[in-house]
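**Student:** As annotated in TrEMBL:
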- Asn13, Asn67, Gly77, Asn78, Asn174, Glu192, Arg193, Gly203, Thr204: substrate binding site (BINDING)
- Cys76: active site, proton donor (ACT_SITE)
- Cys202: active site, proton acceptor (ACT_SITE)
Amino acid sequence: MQVDFYKYQGTGNDFIIIDNRNGNFDTKSTSLVSFLCHRRMGIGADGLMLLESNDSEKVDFTMRYYNSDGKEASMCGNGGRCIAAFAVRIGAVTNADEFYFEAADGMHVAKFKNDIVSLKMIDVSHIDSGEGYYFLNTGVPHYVTHRNNIADIDIVNNGSKIRYSATFKPDGTNVNFVEQQSHNQIKVRTYERGVENETYSCGTGVVASAIATFVKNKQEKFFDVDVKGGRLQVHFEGDEKSGFSNIWLIGPATLVFEGKVELER
Ligand SMILES: N[C@H](CCC[C@H](N)C(=O)O)C(=O)O
């Protein structure tokens, strides 16, 4: 069976996107997703997304996200921005200026203009903290720690130790190292669960890092965030007491190429 696919990247976090509104893709096959995401044997990507039909009038589509290990995850911030740009490209939305889609973590609003996607993230009602870190869920779980000179950190070694530590069993966590540049500018490097490597950018991780930086300093609620693959913006409202809401992740989402892949039935 031949399947059309589209390769997108959002600040270097890259994805295979398939229009699965006909339901033909085998969503139970972990091995198929991990093969397609494999950097040598397959197309290569940090994750794969399916755009699927949604029964609700107000919701244009459903997003299903899989990490490159083939396992489904509840959300992906950069992936959400890329599938929003893809949905506009294939005419799967009622109004490109503002539309709704559903992911496993809940409902999202997306706004698309000149290849920049603004994505509304789910609310964050609770933040845990420990020795030198914050732990919060921005659609998927994130550990956030503030350090100096993050360019010198061995992200894979340090990140994997935290990701697999007993504290975060059984689900594990993504791990974000944050360096403050100024009152409203941070740098973030992320070890991603399910990719089991550093990625060029992690959208939900950037959101978690910005919120954790507000909790730490009680200053800004609007951040420029520099990641390996470029720059994102995050802004939000609220505080630890009332919870955080109206959380937006803003940045580019780019089509790299499209192609066809032969899948065994
Ligand atoms: N690796 C994450 C999912 C993808 C998150 C990331 N790519 C993003 O942009 O939010 C997890 O399994 O928790």
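Numbering starts at 1 and runs along the chain as displayed.
For all residues, glycine too, the Cβ spot is worked out from N, Cα and C.
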**Student:** If you count the other Cβ atoms within 10 Å of each Cβ, which of the binding-site residues Asn174, Thr204 comes out on top?
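**Tutor:** Result for the most crowded candidate: Thr204.
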**Student:** Whole-number Å only: compute the distance from the Cα of Cys202 (active site, proton acceptor) to the Cα of Asn13 (substrate binding site).
**Tutor:** 7
**Student:** If H, G and I count as helix, E and B as strand, and all else as coil, what does DSSP give for Asn174 (substrate binding site)?
**Tutor:** strand
**Student:** So how many other Cβ atoms are close to the residue listed as 'active site, proton donor', meaning within 10 Å of its Cβ?
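**Tutor:** A count of 29.
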**Student:** Between Asn13, Gly77, Arg193, Cys202, which of the recorded positions has its C-beta surrounded by the fewest other C-beta atoms within 10 Å?
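**Tutor:** Sparsest of the recorded positions Asn13, Gly77, Arg193, Cys202 by Cβ contacts within 10 Å: Arg193.
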**Student:** Give the three-state DSSP assignment (helix, strand or coil) for the residue listed as 'active site, proton acceptor'.
**Tutor:** coil
**Student:** Could you give the Cα-Cα distance between Asn174 (substrate binding site) and Cys76 (active site, proton donor), in whole Å?
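**Tutor:** Pair distance, Cα basis, whole Å: 12 Å.
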**Student:** Whose Cβ lies within 8 Å of the mean position of the Cβ atoms of Asn13, Asn67, Gly77, Asn78, Asn174, Glu192, Arg193, Gly203, Thr204, the substrate site, other than those residues?
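**Tutor:** Filtered neighbour residues, in order: Asp46, Gly47, Cys76, Gly79, Val140, Thr190, Val195, Thr199, Cys202, Gly205.
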**Student:** Measuring Cα to Cα, how many angstrom lie between Cys76 (active site, proton donor) and Thr204 (substrate binding site)?
**Tutor:** 6
**Student:** How big is the substrate site in terms of the longest C-alpha to C-alpha distance among Asn13, Asn67, Gly77, Asn78, Asn174, Glu192, Arg193, Gly203, Thr204, in angstrom?
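**Tutor:** Max Cα-Cα spread across the substrate binders: 15 Å.
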